[in-house]
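Sharing a structure below in C-alpha cells format, with a few things to ask.
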Amino acid sequence: MSHPLTFLGIESSCDDTAAAVVRAAERAEILSSVVDGQAALHAPFGGVVPEIAARAHAERLDLCVERALQEAGLGLGDLDGIAVTAGPGLIGGVLSGVMLAKGLAAGTGLPLVGVNHLAGHALTPRLTDALAFPYLMLLVSGGHCQFLIARGAEAFSRLGGSIDDAPGEAFDKTAKLLGLPQPGGPSVEAEAATGDPRRFAFPRPMLDRPGCDMSFSGLKTALLRARDGIVAEKGGITRQDRADLCAGFQAAVVDVLAEKTRRALAIYAEEQAPVPALAVAGGVAANGPIRAALTRVAEEAGARFLAPPLRLCTDNAAMIAWAGIERFRAGGRDGMDLQARPRWPLDQSAPALIGSGRKGAKA
C-alpha cells in the first residue's frame, strides 16, 4: 500500500477560485473543497472577462487556501505537498495560482507539483471511483472537448476533439444570443426542458466525416440564423420560441457527442481493458440529457459509465490536489522555475487540432 499523502490543491485557470485538501490513503478522501465563483462579476458582460478574472483570483486565492485548511482541520505543517494548476487557462489567473503555490512551497519546504488542469479533470474518476487504467475519457467543458485514453497519471492519448468551439462555449453563446443568464449550460438546459427539439432542423456537424473530431461553431451560427428568422417574421421571439431553440440546439449537441463517443469506444476497445470504462468530466458533464445519452452509448458497448458528482464536474481544486498526488507518486515534482502556461496539450505527440491557432495547441 502506498504511503498516505495529504496535498493542498490550488485552482485558478478560469473564473473559479478554488482550494482543497485531499488525503490519499487506502482510499481518497476530500477533506475540504472551497470554490469561490465569479459568475456575478462577469454576468453583465455575457462571458468571462480575463482581466476581471485575474484580479478576482489575486484577491481571493489566499482566503480560499486559508478556508480550505480550516475546514480540513489542518495546518500547512500537516501537508505532504502543494499542487497547483500551471495551465492551460487564462494566463493571469494561472499565474496568480502558481505564484501563491511557489510562495507556500518556499516558505514551508513542501514539494511543489504543477498540474495540467485537463489532467485534473481526466483523473477525477480515480479520485471518486478508484478507476484503473486504461479508460476512455470524454473531457467536455467550456474551453475543451476531447476524447482521451488515460493510461497513466501523465500518459494520455488523444483520439479526437473539437476543432473550434467547445460545447460549453457554444452553450454560453447560445444563452447570450437568447438573453439567458450565464453560465449558459444550466440556463439552456432548463429552457430546453419545455421546448420541442424537432421544430428546428439544426445540423449535426462532422457526423458525415470519419473519426472523433467535432465542430460546434456551425451549430451556433445555425441557431443565430433561426433566431433572426423568427425575429424578422414576428418582430421578436416568444418564450416558447426560445425554449424550442434551446431544445433543438441541445439535441444536436447530444447527438454529436453520442455518435462520436460510439466511435471513440470502438477505438478504445482495441486496448482490451479488463473492465472497459467510459468516464466523462468537465462542466458540460453536468448536463442531464448529455449524461443520459452517454450512459446509453456505454451500455450498448458493454462499457462501465462513470461521471463524477456534479460538484466535481465543474472546476475545483480537489481534482488538482488529487492529480498532484498521482503525479508526485509517479516521481513528478517542480522547482521554483515552474511556469504558468496558457496552452498545454495533454497529449504532446498528437497533431494540433485545426482550431489551435498560431500559438500552438491549447489542449
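Cβ coordinates come from backbone N, Cα and C, glycine included.
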From ASN287, ASN316, grab the residue that Swiss-Prot records in the same substrate site as LEU139, VAL140, SER141, GLY142, GLY143, ASP172, GLY185.
ASN287
Considering the Fe cation binding residues HIS117, HIS121 given in Swiss-Prot, which of ASP241, ASP244, ASP255, ASP315 is annotated for that site as well?
ASP315
Among the binding-site residues LEU139, GLY142, GLY143, ASP172, GLY185, ASN287, whose Cα is within 10 A of the Cα of HIS121 (Fe cation binding site)?
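Near HIS121 (Fe cation binding site) by Cα: LEU139.
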Rounded to a whole number, how many Å is the Cα of ASP315 (Fe cation binding site) away from the Cα of SER141 (substrate binding site)?
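SER141 (substrate binding site) has its Cα 9 Å from the Cα of ASP315 (Fe cation binding site).
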If you measure SER141 (substrate binding site) to HIS117 (Fe cation binding site) at Cα, how many Å is it?
12
Is ASP172 (substrate binding site) helix, strand or coil when read with DSSP?
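Where ASP172 (substrate binding site) sits, the three-state DSSP reduction gives helix.
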Using other CB atoms within 10 angstroms as the count, which residue among the binding-site residues LEU139, VAL140 scores least?
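It is LEU139 that, of the binding-site residues LEU139, VAL140, has the fewest other Cβ atoms within 10 Å.
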